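In what follows, a single structure is set out as structure tokens and then discussed.
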Amino acid sequence: MYLATPPDPEPNPRARRRPLGQTDAMTTIETKSGSGSTRARGLGLAAVRGLGLALVLLPGAVLCFTLSLVSIALIPIGIGLVTTPWVLTGVRTFADWRRVLAAQWCGVKIPSAYRPVPEGANPWTRTFALLRDPATWRDLRWLPVDMTAGFLTALLPAVLLFYPLEGFALAAGLWRVFADAGYVAYWYGFVPVTGQASAFGAAALALALLFLAHFAGPRLLKAHFQLTRALLAPGQGELAERVRVLTETRRDAVDTSAAELRRIERDLHDGAQARLVAMGMDLGTVEALLDKDPEKARQLLAEARRNSADALTELRDLVRGIHPPVLAERGLGDAVRALALRLPVSTEVDVDLPGRADEPVESAAYFAVSEILTNAVKHAEADRIWVDVHHAEGMLRIAVTDNGQGGAVIGAGSGLSGVERRLGTFDGVLAVSSPAGGPTMVTMEIPCELS
Amino acid sequence: MRVVLAEDLFLLRDGLVRMLEAYDFEIAAAVESGPELNRALAELKPDVAVVDVRLPPSHTDEGLQCALQARRARPGLPVLVLSQHVEQLYARELLADGAGGVGYLLKDRVFDAEQFIDAVRRVAAGGTAMDPQVIQQLLSRRQAESRPLGRLTPREREVLELMAQGRSNAAIAERLVVTERAIAKHTSNIFAKLGLEVSDDDNRRVLAVLAYLDQGR
């Protein structure tokens, strides 16, 4: 049996910094494949991958663990304050890399629940924010296991594949070399090789091992990632963390909607309402003037009509800000297309949605895209934008890429942090890759089902 | 001239019926939902249909879909679509068949009865009536990337805008208070600068301009 690889679930590890949706995270994807050749390929792949992984993980884990210990030990004398955020971020990157491999190679999803590190804060705050995060300590507990048991389980498929080769070589005549060299007995596994007969015994053992490898090899690599998951995935105690996040996002959602209602109230009060009052007044005056001064009355009528037109324009803009009509009429895909057509910048929109998401999700996604597009046009001075909207594996994924000057950050007060908060209500996440000089790529993921 | 009218809000439907009747249109049917509109368009064979984009029961773009479907069944069936908001996306879908006899206006335009009735008549005659807002959106987008548009004089741009809305030379001349010959001259300049084929047929000309403005998207 070989395990299906989900199609590139998370190319950018940074996008996993704050995944909150853990409900489906414990599921693994398996498909049965009975054919022998597929299985042999699976074994070969598992062996090569496992070997490569083992070779990287051992120095990686040792380095991460040592640096972390040293860095944390140096906190009392100050140096640690500067180094710890760097080192622990490195550890997170290392762990995130393993999460990506686990998902890509074996379909083992390992949720991560790192609290966001305050960007741009002083080293003291950053260090202690990191140390207060239970996920940090979970990483540090995982590293020693990873460099021992993790290393061995990763290596095992390769051993099971390559060790039998030696058994066959012994039977084919290699045993003579050892006999000539004066060995009393060369141990192959638990078989002491002394002559051709026992060399055949070694070959039989090799065959058994190969048989074992054939069936267990790919599963062993999966076992490695399951071990990783057991140590890295947030446990029951993390429910408290989940509650904290939910409380936070709920407060944000309530705040945002209250602020929205206040804005709408103010806009109506100062806009359309005031214009209707003026109109009514003008019409009253017209009534009085109709006989006395028809010319003046005509002027006032024209004014009243202008006021009603302006009131309509204001109401239209207001409605667009509350819930864009195209979104209501056509859904997210066409609403984003219509939005792109309004931009002064050439924008390519690629939509692949087999159905419609819930209205609140559509609305949040739409306003997120709208904000990001505005940023791209206003701040990045892009002259080409690409928007990709699709739905896969229970996730609505949207990527907005522009060829502008880059340098976008999710910072306090920036439009992007507003977007992040808004998406947070739906357990959605936002990731920004925007090196100075561009290009900027903003991706978001919202867990949802389509109807 | 026989009109089928589809509008779900009673006040507006009533107002439109009164206005159209005042200008000697015959109201073949005034309906308030998508299925009723479908039936009326199929059975009554009107000269022109005036349709609200959003209709019950779905309250999505049902009116627009009915109109598009009716035009597929009967190409060139004159349809004037009204909406509380205009979207280039919808305008493009209406114009896609290139058959003309299409209008797309903001509901606000009914404030000016004469202009509105003029638009209905134009559409019924196989012409085009595009809302100034749609045209402005198209122009501002195209201007950002198209060199030829930048070469137009302000006056020519004004003429182009009115032309794209679907107005004839005579109407543009009246609007800008110049002679029709002056407009004809502007028009041929515009077509030369944009590299478009000149056509004597007003409707064809409008569709060519709209296609030019909307191209490449």
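A Cβ is built for glycine as well, from the same backbone N, Cα and C atoms used for every other residue.
Any TrEMBL annotation is an automated prediction that lacks curation.
So that you can see what the record holds, here are the features copied from TrEMBL:
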{"type": "REGION", "residues": "A:1-39", "note": "region 'Disordered'"}
{"type": "COMPBIAS", "residues": "A:1-12", "note": "compositional bias 'Pro residues'"}
{"type": "COMPBIAS", "residues": "A:24-38", "note": "compositional bias 'Polar residues'"}
{"type": "TRANSMEM", "residues": "A:42-63", "note": "transmembrane segment"}
{"type": "TRANSMEM", "residues": "A:69-89", "note": "transmembrane segment"}
{"type": "TRANSMEM", "residues": "A:142-165", "note": "transmembrane segment"}
{"type": "TRANSMEM", "residues": "A:185-212", "note": "transmembrane segment"}
{"type": "DOMAIN", "residues": "A:360-450", "note": "domain 'Histidine kinase/HSP90-like ATPase'"}
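Contact counts against the transmembrane segment (A:42-63), taken as Cβ pairs under 8 Å, peak for A:142-165 among the stretches A:69-89, A:142-165, A:185-212. For the transmembrane segment (A:69-89), the residues of the chain that approach it from at least six positions outside its boundaries are 117, 123-124, 126-127, 130-131, 136, 139, judged by C-beta separation under 8 angstroms. Beyond the ends of the transmembrane segment (A:185-212), by six or more residues, the same chain brings 160-161, 163-168, 170-171, 174-175, 178-179 to within a C-beta distance below 8 angstroms of the stretch. Remark: secondary structure over the domain 'Histidine kinase/HSP90-like ATPase' (A:360-450) totals 29 helix, 30 strand, 32 coil, with classes taken from DSSP. Over the domain 'Histidine kinase/HSP90-like ATPase' (A:360-450) the predicted model carries a mean pLDDT of 89.
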